[in-house]
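As given in TrEMBL:
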- 2-46: domain 'Elongation factor EFG' (DOMAIN)
Amino acid sequence: TSMFLIIAHIPVADSFGLSEEIRKRTSGLATLNLEFSHFETIDIDPYWEPKTEEELLLYGYKADFENQARKYMNNVRKRKGLFVKEKLVEHSEKQRNLTIK
């Protein structure tokens, strides 16, 4: 048969909208069955930023790695319509308006 069974563990925060996305990308041929398996705490502080000299040397001023706890927290806040502190434009160029002659 052409039937596949895939078993995977994904975070609950990433499962919102997954069923619709799978149906859309497979034109309705695939179905999704989610079942709660277990929970696990994230041992990362979502408000952590590098402050000591050693941390600044290791991670840089912007801490270029992605803080998973902050990512999950911001996704939940966006979904609920709460305020999320983030930069909308990180790298941009100044727009030049041409005067009409």
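Here the Cβ of each residue, glycine as well, is placed from N, Cα and C on the backbone.
Secondary structure by DSSP for the domain 'Elongation factor EFG' (2-46): 12 helix, 0 strand, 33 coil. Mean pLDDT for the domain 'Elongation factor EFG' (2-46) in this predicted model: 85.
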